[in-house]
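J.: Starting off with a structure, shown below.
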Amino acid sequence: MAVDVPTSVIVKLMFFTLAMVSFPVLTFFVSQQYTSNTLVNGGLAALAANVVLFAYVIMAFSEDVPQSDGKESKKQQ
């Protein structure tokens, strides 16, 4: 039972997966250049992960939902 998933959904998922892995790690190591406190570096990396997560949630809620024909809504009533 294969489901046709739009390519735009796959592209968004791959982008945010890559961002969720690379952005916090990059933030951690870049912030190490400015401070040697690993607690601050870890906190900034966690903040970067939350930024990516919130961006994904906002994009998911703003995504267009395909309109169905009226047949399903009549069945539910």
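Every residue, even glycine, has its Cβ placed from backbone N, Cα and C.
Per Swiss-Prot, topological domain 'Cytoplasmic' is recorded for 1-8, 63-77. According to Swiss-Prot, the feature transmembrane segment maps to 9-29, 42-62, an assignment based on sequence analysis. What Swiss-Prot records for 30-41 is topological domain 'Lumenal'. Among the features that Swiss-Prot reports, motif 'Prevents secretion from ER' is placed at 74-77.
Looking at the shown structure, what environment does each listed feature sit in?
T.: Within the chain carrying the transmembrane segment (9-29), a Cβ under 8 angstroms from the stretch's Cβ atoms is held by residues 41-42, 44-49, 51-53, 55-56, 59, all 6 or more beyond its ends.
Within its own chain, the topological domain 'Lumenal' (30-41) is flanked in space by no residue lying at least six positions past its ends with a Cβ under 8 Å from the stretch.
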J.: Which residue counts does DSSP give the topological domain 'Lumenal' (30-41) for helix, strand and coil?
T.: 7 helix, 0 strand, 5 coil
J.: According to DSSP, how is the topological domain 'Cytoplasmic' (1-8) divided among helix, strand and coil residues?
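T.: The topological domain 'Cytoplasmic' (1-8) comes out at 2 helix, 0 strand, 6 coil.
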